[in-house]
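Enquirer: One structure follows; several queries about it will come next.
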Amino acid sequence: MIRKLFIVLLLLLVTIEEARMSSLSFLNIEKTEILFFTKTEETILVSSSYENKRPNSSHLFVKIEDPKILQMVNVAKKISSDATNFTINLVTDEEGETNVTIQLWDSEGRQERLIEEIKNVKVKVLKQKDSLLQAPMHIDRNILMLILPLILLNKCAFGCKIELQLFQTVWKRPLPVILGAVTQFFLMPFCGFLLSQIVALPEAQAFGVVMTCTCPGGGGGYLFALLLDGDFTLAILMTCTSTLLALIMMPVNSYIYSRILGLSGTFHIPVSKIVSTLLFILVPVSIGIVIKHRIPEKASFLERIIRPLSFILMFVGIYLTFTVGLVFLKTDNLEVILLGLLVPALGLLFGYSFAKVCTLPLPVCKTVAIESGMLNSFLALAVIQLSFPQSKANLASVAPFTVAMCSGCEMLLIILVYKAKKRCIFFLQDKRKRNFLI
């Protein structure tokens, strides 16, 4: 009888101990929602706080749902004073999605006991041999060789339309430039941070959104200013000014928001790319100004082709952005797409509202809005690629490409609506004139 009671008591104690163990969480993995793999060889780092009398008694078991997509090579184990770290080495085969289950087991003699299990860690495998900075090289070289002279010619044509007197006016009354700078470097980064926290983006993606929002004006803002009857001379001046300010404000914002997001490390600002962007605008525009004063007949020809050329470049730019960013669309989730739509829309709204409150002329209001909403997102891409390891950089780079694509689509929609409205007004006015004459 005593022996039976002892056995029952022993089983009860074991059951209580197992229940206590199952209620604890020993495994710690950096991210359990979704993992993006782009290289042939990848690793998953798992930390275990489980302790036993024998340190080597615990081990990991990894179960992969689809071995055609992902295969495990081995699991390396490293014991430290406060935790046991496991490195799961994997190789990727095909593109696709699969689920990974990770189990922590404890060996006691010939018996094994399941301590904890992390189920259904989703893994997306995207074959991408090159880095994102090399991605544009996959675009047809013939298109690039054709588009580059057209861009330079277009900037030169803008130089022919510039009135130098306007520079003096802006210098005396720099309010539009100040409004654009405040919106771009203070309000937009804060909005990007706030939105990324609301939708609970991972730290790397949130930083990508913030860096996109702290970029200077660009993205063909002067093209859209011309097509929407804004002040394109002011747009060029605002782009150049904000690009210069980016040399100071991008490092400041990257430091502030990386610390808030808990990201450590050194963030590299692509100074050479910022300067080259500035020169890429100033040199052809300056040539256009010289042509206007030295060869007026050539300048008048360039002014005539500027609108059709701007339309062509706008469509080609959207096409190239989608071509380069296609790989990122595969990794986009609903939250990132939503932010991609909101960021340019908020920039346009803030810029236009502030300019309207300051009672600026309508063309100036349009220009401030465009320069605040159309950001040079590819500078953010350069910052991310230079600052993060490749796996984290791929995740963070989704935001700049998504914002660039959404910006182009939104501006195209605005231009089409604006042109349609303008044509309807012209048609109605023409009809009224005819009725009046009759």
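Keep in mind that glycine also has a Cβ here, set from the backbone N, Cα and C atoms.
The N-linked glycosylation site feature in Swiss-Prot is assigned to ASN56, ASN85, ASN99. Summarising the annotation, Swiss-Prot assigns signal peptide to 1-19 and lists sequence analysis as the type of evidence. Annotation source Swiss-Prot lists topological domain 'Extracellular' at 20-142, 196-206, 253-270, 330-333, 389-397. Per Swiss-Prot, the feature topological domain 'Cytoplasmic' maps to 164-174, 228-231, 292-308, 355-367, 419-438; the stated evidence is sequence analysis. Under the heading transmembrane segment, Swiss-Prot lists 143-163, 175-195, 207-227, 232-252, 271-291, 309-329, 334-354, 368-388, 398-418.
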Enquirer: Where does ASN85 (N-linked glycosylation site) sit by DSSP, helix, strand or coil?
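Expert: Its secondary structure by DSSP: strand.
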Enquirer: When each of 175-195, 207-227, 232-252, 271-291, 334-354 is checked against the transmembrane segment (368-388) for Cβ pairs under 8 Å, which one has the most?
Expert: 207-227
Enquirer: If H, G and I count as helix, E and B as strand, and all else as coil, what does DSSP give for ASN99 (N-linked glycosylation site)?
Expert: strand
Enquirer: For the topological domain 'Cytoplasmic' (355-367), DSSP counts of helix, strand and coil?
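Expert: For the topological domain 'Cytoplasmic' (355-367), the helix, strand and coil counts are 9 helix, 0 strand, 4 coil.
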Enquirer: May I have the DSSP-based helix, strand and coil counts for the residues of the topological domain 'Cytoplasmic' (228-231)?
Expert: 0 helix, 0 strand, 4 coil
Enquirer: When you scan the chain for residues with a C-beta under 8 Å from the transmembrane segment (334-354), skipping those not six or more beyond its ends, what do you find?
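Expert: For the transmembrane segment (334-354), the sequence-distant neighbours (Cβ-Cβ under 8 Å, at least 6 residues beyond its ends) are 179-180, 182-184, 187-188, 191-192, 195-196, 199-201, 205, 209, 212-213, 365-366, 368-375, 398-399, 402-403, 405-407, 410-411.
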Enquirer: Hey, how far is ASN99 (N-linked glycosylation site) from ASN85 (N-linked glycosylation site), Cα to Cα, in Å?
Expert: 21
